[in-house]
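One structure is given below, encoded as structure tokens.
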């Protein structure tokens, strides 16, 4: 059953209501008419601003957010006690499930990356990445880990050094264990958690043409049921978890910024300063979110990565450089040596509260944070292969994090043991939020480095806020990415308002505990996502391994002389030649096939896209993807093999095919009419086998490209 668009026109106190069919399944659209000023409204009543939302998800998530914020405002202490108790009970009672789940996530992602599934594209077979590799890495890094690295770079290694889980405190063994544990908490396990959600959303969103929402990962289990109540609940859960994570991180981060400004400039640590900081950060994030991923988020992420590298290199150069590089190599060895043991070590035979306070807390936090980071990574990863996605997401940020933690953590331990005589360890224990600034006091130019650190923390918060708001907006709109600016402003502002309200009432800790508690049910959802990925990819491989999936078969069957084929390959047709070919050869061939199919009781039609000029033969199929054989003009850069090549046109225009199942297209420029018909028939035979095969039925029955 389709949803409807609700259009409301407000004129004075009256309102007129109308409805029309909406063609996008599972999505409700609301049209708001925004009044202009009195002077502007002469001759024009209103300016239309369209809000695109999935109504049950939008209303449900806003209601749940309001409920939890209300509890935090009305009874912050009572709420903190209840949610903290819930968090403690979950971590102690189900910690084994967290460890086991994260192990499954990691090994599943590695298997998908390095098996035959790794060759699948996140999108059609010939899709290309939307962002440069460096921009892509910068954005996923800033969204996934950024602010935590600033907060824990000095604090966590120093804390484990002073109070390690097993070694004697403040010893060489404690140094080794401190860095090994820190690497473990910030290494590939965290990114494996993010990868599960990100890969699931990207794969089913771009490969199965489903909405870019968490519910789509449940498609192999629920099929069309993802558009019903269960799907709504999953998306509401994801929105609320993301909003609460954003709000608590923003609130605690503002406290750190305020501490830094107090440490540097003597600015008082007060609620008024903190509310002002929330306003400034939210305003900058709003500007960024309005400009979108391609501009605001990308530019801020790249700037942040550049400044972070600059700060890290400064500490590396002025610190014990040679020692740090040796430490880096040793730390990686310690990490790899203990990787499997720590993955499954819950201290079952010698219970330690340390595991609940650190490892299990981290796993729960990464899981609760994964809808946000996973969705954002999915949104920017179209066109990547599964192998490229997993290896980049797992290893590139982790390796940078390892170097970062070594530079700051080992330098801090070195300073504490050789210069500060234990003073830095005591300062960190007293106040973790100013540990980084106190660390800079032992290095040259502390004012400059501390100022840069405050700037980095601020930008990290902006990038988290704007990317998080984009993610929430995408889920609330049913997977729509091209939403109105006002809609994105709403979500970005709401995260700032929630943080400000809870800062004022002292409810941040309660909300953080509630957020971490949600990791338990969501870990079960994530296990289903892993299963869904294997089921979906198995159906996909059945399609790609069917005959004809790799290219055209008309040439070998048509007896074209090899000399002519070589001449066609080396030719460089211009735009006019391709347009003429489409009109004179492709169109008659497609029309001939359509007539014959219709005569044989298989209705078919040929259409032309008004904007691109693409020609499409479509054969409808009830309950399956339609058969589509399309041909469109595409432009390709030519390599120069000789000096002569460099003097002629460096662009080649092709008549390239495309298909409804996302198979890779190919150039048919120069084929005769009967050769084109042979190619269409071959692809139709392949399509028939595709929709009839039980192995590929899941993909064959998924929606058409949106």
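Every residue, even glycine, has its Cβ placed from backbone N, Cα and C.
Your range for transmembrane segment, going by Swiss-Prot and the list 236-256, 467-487, 551-571, is 236-256. Here the transmembrane segment (236-256) lies next to the transmembrane segment (442-462) in space: the count of CB pairs under 8 Å, restricted to residues six or more apart, reaches at least 3. Here the listed stretches are 94-114, 181-201, 271-291, 305-325, 389-409, and the one with the most C-beta pairs under 8 angstroms to the transmembrane segment (442-462) is 305-325.
The stretches the transmembrane segment (516-536) and the transmembrane segment (181-201) meet in space: the count of Cβ pairs below 8 angstroms, excluding pairs fewer than 6 apart in sequence, reaches at least three. Against the transmembrane segment (181-201), the recorded stretches 94-114, 358-378, 389-409 differ in Cβ pairs under 8 Å, and the greatest number is found for 358-378. Most Cβ pairs under 8 Å to the transmembrane segment (305-325), among the stretches 55-75, 94-114, 358-378, 389-409, belong to 389-409.
In the predicted structure, the topological domain 'Cytoplasmic' (115-133) carries a mean pLDDT of 88.
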